[in-house]
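What TrEMBL annotates here:
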- 25-46: transmembrane segment (TRANSMEM)
- 25-447: domain 'Ammonium transporter AmtB-like' (DOMAIN)
- 53-75: transmembrane segment (TRANSMEM)
- 133-153: transmembrane segment (TRANSMEM)
- 160-181: transmembrane segment (TRANSMEM)
- 193-214: transmembrane segment (TRANSMEM)
- 226-244: transmembrane segment (TRANSMEM)
- 256-277: transmembrane segment (TRANSMEM)
- 289-308: transmembrane segment (TRANSMEM)
- 314-334: transmembrane segment (TRANSMEM)
- 355-380: transmembrane segment (TRANSMEM)
- 400-425: transmembrane segment (TRANSMEM)
Amino acid sequence: MNNTAPPVDMATGTPPWLNTGDNSWQITASTLVGLQSMPGLVILYASIVKKKWAVNSAFMALYAFAAVLICWVLVGYRMAFGDQLIPLWGKGIPALEQSYLIDRANIPESGHVSHDGRVTPRIEPNIPMASLVYFQFTFAAITVILLAGSVLARMNIKAWMAFVPLWVIFSYTVGAYTIWGGGFLFQWGVIDYSGGFVIHLSSGISGLTAAYWVGPRIKSDRERFPPNNVLLMLAGAGMLWMGWSGFNGGAPHSANVVASIAVLNTNVSAATSLLVWTILDVFYFGKPSVIGAIQGMMTGLACVTPGAGVVQTWAAIIMGVMGGSIPWVSMMILHKKLSFLQKADDTLGVFHTHAVAGMMGGLLTGLLAEPTLCELYLPIPDSRGAFYGKNGGVQFLKQLAGAMFIIGWNIVSTTIILLFIRLFMPLRMPDEELMIGDDAVHGEEAYALWGDGEKFDPRRHGNAAANVEEGTSPPYINGARGVTITL
């Protein structure tokens, strides 16, 4: 790649290759994906857990978003999308210089010859590298935040702070490079339109692995873990759903027909899966569940993601049906019967909602990928699903092999990272902190409610009733921190 800045019209800041419509959509899509994490998953996590874990859960997502961005521009982006260093990684050098960031985006950065003599094809959207770097950052960030859902309510926050940069650098970048950035799965022709394998399968498998090594929640939290705010939980889930239009619509790096198909398919699959999951809840449990509906929404989104822009809309409905049923069975039925799933306390069921759904979507893409849509989007010629003949069955086998690689790499890398961190600090909070929650871990609580963690201070007001009659409220003392609060 030529890192010398191209000629730019100084009056407009527009080089000749730039398509302002494509770039506008890419920046908008990036913002939508960013909003899925900040504040979407921050709100969802803070609301779906017990009140005593609201602050800790939100902070884990908040911290990850910031930490991933710095790691991404320092080394992460070019490890995932840069010139090849080894078949698993690009050269991890910074993506900070203006001469690099205003140049034309391309994936991989430069073509190279594979082991069998083929030249790696390149994708060259009409947008600057800066837009691509930020868009791909939002993907990396949400992957780590999704992973966090498996270890909420017990992981040592300092261990989490160390885990995030290590996992992004040594786990996420490998999946991104091998499938998207010019690595061997990219060259082989594995289809992952927008992250079914790179994001959802990796976060679900790594989340389950991390849950095993960190250890379970305390018994009282495992037995009863109700959401502390159902309406805010729905608000966070809604941001996640709507943001997915940028997630899948931004993947072509262009405001083209593939983006339009992807946005429609994304929403169709999510709606179908939500309805299927809800119907199964009613049939099996006798009543619909709001949490269940959210889980069904997520599985429909995760399932369609690997094929959103390369399958027809009737296929998106099939993906929605499968996304709302197979993960439901794995979570509600198989989870209770399989001992290896019982050994890991996956707090929010990320393995089921993302790993199972993402892998299933990737395999369905190997069956349902439509040749014309593949030609419009994919750099590898003659890609098609098995249902469209012409050796299409080979594509299914490629998808299966790609999934196996992502599963194996994430189990090994996540295990090594956590065992390394464990040499310096415990992965799990001590039981006394687990009993208290946010106030013990952060010295902060999510809600300051009368009679809920607040104690009346009789030393300051001897006659509380008189104060109420006078229109004033009595002061209360936060039991853990000794801070006086007048309501």
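Note that Cβ sites are derived from N, Cα and C of the backbone, with glycine treated the same way.
Unlike curated entries, TrEMBL annotations are predicted automatically.
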So what's near the transmembrane segment (226-244) in sequence-distant terms, Cβ-Cβ under 8 Å and 6+ beyond its ends? 32-33, 35-36, 39-51, 54, 266-267, 270, 290-291, 294, 297-298, 301, 446-447
Ranking 25-46, 160-181, 289-308, 314-334 by Cβ pairs under 8 Å to the transmembrane segment (355-380) puts first 289-308
Within the same chain, where does the transmembrane segment (400-425) have neighbours whose Cβ lies under 8 angstroms from its own Cβ atoms, ignoring anything closer than 6 residues to its ends? I mean 6 or more beyond. 156, 158-159, 162-163, 166-167, 170-171, 174-175, 178-179, 185, 188, 190, 192, 197-198, 201-202, 205-206, 209-210, 213-214, 359, 362-363, 366
Range from 25-46, 53-75, 160-181, 256-277, 289-308 with the greatest count of C-beta pairs under 8 A to the transmembrane segment (193-214): 289-308
So, do the transmembrane segment (133-153) and the transmembrane segment (289-308) meet, by the test of 3 or more Cβ pairs under 8 Å (sequence gap 6 or more)? no
Under 8 angstroms, Cβ to Cβ: which one of 25-46, 53-75, 160-181, 256-277, 289-308 has the largest number of such pairs with the transmembrane segment (314-334)? 256-277
Local confidence of the domain 'Ammonium transporter AmtB-like' (25-447) - pLDDT mean: 94
What parts of the chain pack near the transmembrane segment (53-75), using Cβ distances under 8 Å and only residues at least 6 beyond its ends? 34, 37-38, 41-43, 45-47, 92-96, 133, 136-137, 140-141, 144-145, 148, 152-153, 155, 157, 160-161, 164-165, 168-169, 221, 228, 437-438, 441-442, 444-447
Which sequence positions outside the transmembrane segment (289-308), separated from its termini by at least 6 residues, show Cβ-Cβ distances below 8 Å to it? 44, 48, 191-197, 199-200, 227, 230, 233-234, 237, 240-241, 244, 247-248, 251, 261-262, 265-266, 268-278, 281, 315-316, 319-320, 322-324, 327-328, 331, 349, 352-354, 356-358, 360-362, 364-365, 368-369
